[in-house]
Amino acid sequence: SGGGAGAAMWARGLWALLAALRAGWCLLPQAGYLHPDEFFQSPEVMAGDILNLQVYYPWEFLSSSPCRTVVFPLMTSGVTYWVIKSLQQLDMCSSCINSYTLLVSPRLLFTIFSFILDYSVYRLAPFWEADPWKALVLLAGSYVTLVFYTRTFTNTLEGLLFALLMVLVSSRKAGGSVAELTSSPLIGIVTTAGFFNRPTFLAFALMPLLYWAGLIVDSEKGIKTVINHFLKLVLCACFTAVVFITADTFYFTSVGLDNLYSIKNSSLLDVIGQLHEKMIVTPFNFLSYNLNPHNLALHGSHPRVTHFTVNGIMLFGILHILAISAGFKMLKKYIHQLIRVKSYYHGSSGLLVHSEGNPTLLLFYFVPLAFLSLFSHQEPRFLIPLILPLVLFSTSQNRAVKWKHVITIFNVLGALLFGCLHQGGLIPCLFHLEQLTHSPEPSNDPRHYTLLFAHTYMPPRSLLNIKERDTHIEVIDMAGSGEETLCRIVGQRANNFTCNNCHVFVIIPGTVRATITKCGVSFKNETLIFPHLSMEDPPQLPFLFSGNWRSQLGLYILQLDRDQ
């Protein structure tokens, strides 16, 4: 019909606009800072390794406790940093390496990769009886896609690998027969890569793998074919694991570069022996750390229902609620059927019966959610891979259409809160400080800078673009220190007269600025960076309606006046 074609054109145009917004906002750049892991589990580490900048190495990447694979950081941030480094060495640009390129180049790669999600939705929608363009608009309009999928999180990669896995297990021919399942090697590779990226990937992979196994067994090919598929999968999985283990072992132990000289003169067996002795399997270290409740508590303990009751709604809004209500309806219906006609279904295939919408998609959504709920540490970003089954489910049977205004408002607010406001002053502040500390200076009297960060998220040092050997910039992260500690450190710096060309800057949110005025030191320059919302030190509502509201939603850079 003409109306249908018009609607389809409209949906395509809207998707193209939202896709352009995703890429454009990444380049702007997006100022919100979601969680320290977006820096400290990839770009920060690679900036130290590849660009030799002063960085803060998180404990997971120290050779004493390797808990994260280095393969994905190398393939993402590592590659982009290598490219800008090469461009600089080839004199293509004089200052290719600056805080903007350090921030944006890895993010841009992730943003390009995020379109794997769109491709997956487009491929999967017909298979799960959803309208592809409506599903794409729902996906591209979600603030989770706009904000989380353009950031350098391991969770983002987990979501993309989960999407690829869903595409691989759902490949049917149009005739409804199972396609020649050539995908078993790829399924093995994706599952293993996902496990090394984040061991929690197994929770996401469980349903797709069971579904795939079901398809193979149902295809009524001989037992030989079935065994053949599983063998291919296992072999490819093992091969992928060997690649990851070898790369990590080289990176984390001295078997790496130090021993290359001795390796040249020794036989292959000796080398294999050396590698085997020091073999590093990062996911097992990660699991042994995280299965200890005491360790998890250090990162924050949450009630087991947090994912279901808070995080799901925070990320997906009404879609999460609709999925829960549909789930309850289906359970009720299924239990009724079980009681009424026990003999009607043979075994579990009853779950796959097309009743209202597709119950299997709901399992793809709720099974990983249930597994992740077993752990006491529950952060919203852990759920971002679930956007794919949720979008497909919400678009099938036009569930989401009648809520479109609610969905739009929710995503605009989410994008503003997390993309602009949340810790939103910190990155612009680092950009400002990078320019300040790199400004030309007289060679006979070099300046020294001390940057004191208080009550902010961990500042990624790499964005300050300080060479490893530079000693003229000192970064002190005070985190959430109390008034006494803060005043003591600031006082020490103010009264240090041994240093004559010293510049001390205190970076602090407007909501806790009052604490620093009690320290009895004076400031000469102050820069207010707006907006900046700190959930740890939230603004008081009465202040927000006073003339002083900008400072409540801002981050201050205060320069100590050392002449006083």
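Cβ coordinates come from backbone N, Cα and C, glycine included.
Within its own chain, the signal peptide (1-26) has Cβ neighbours under 8 Å at 104, 107-108, 111, 114-115, 118, 131, 133-134, 136-137, 140-141, 145-146, 149-150, 419, counting only residues six or more beyond its boundaries. TrEMBL lists 1-26 with the feature signal peptide.
Taken from TrEMBL, the feature transmembrane segment covers 100-121 (among others).
Positions annotated as transmembrane segment by TrEMBL: 157-175 (among others).
Remote same-chain partners of the transmembrane segment (195-217), defined as residues 6 or more beyond its termini with a Cβ less than 8 Å from a stretch Cβ, comprise 69, 71-72, 154-155, 157-158, 161-162, 165-166, 168-170, 178, 181, 187, 225-226, 229, 240-241, 244, 282-283, 286-287, 290, 352, 360, 363-364, 367-368, 371-372, 382, 385-386. Feature annotation from TrEMBL assigns transmembrane segment to 195-217 (among others).
Taken from TrEMBL, the feature transmembrane segment applies to 229-252 (among others).
Look at TrEMBL and you will find 308-331 (among others) tagged as transmembrane segment.
What TrEMBL records for 408-433 (among others) is transmembrane segment. Long-range contacts of the transmembrane segment (408-433) within the same chain: residues 25, 29-34, 99-100, 103, 141-144, 146-148, 317-318, 451, 456-457, 459-460, 463-464, 505, 507, 509, 527, 529-535, 553-555, 557, each at least 6 residues beyond the stretch ends and with a Cβ under 8 Å from a Cβ of the stretch.
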Taking a Cβ cut-off under 8 Å, which residues six or more beyond the ends of the transmembrane segment (308-331) line up next to it in the same chain?
142, 144, 355-357, 359, 362, 365-366, 369, 373, 378-380, 382-384, 386-387, 390-391, 393-394, 399-400, 403, 406-407, 410-411, 414
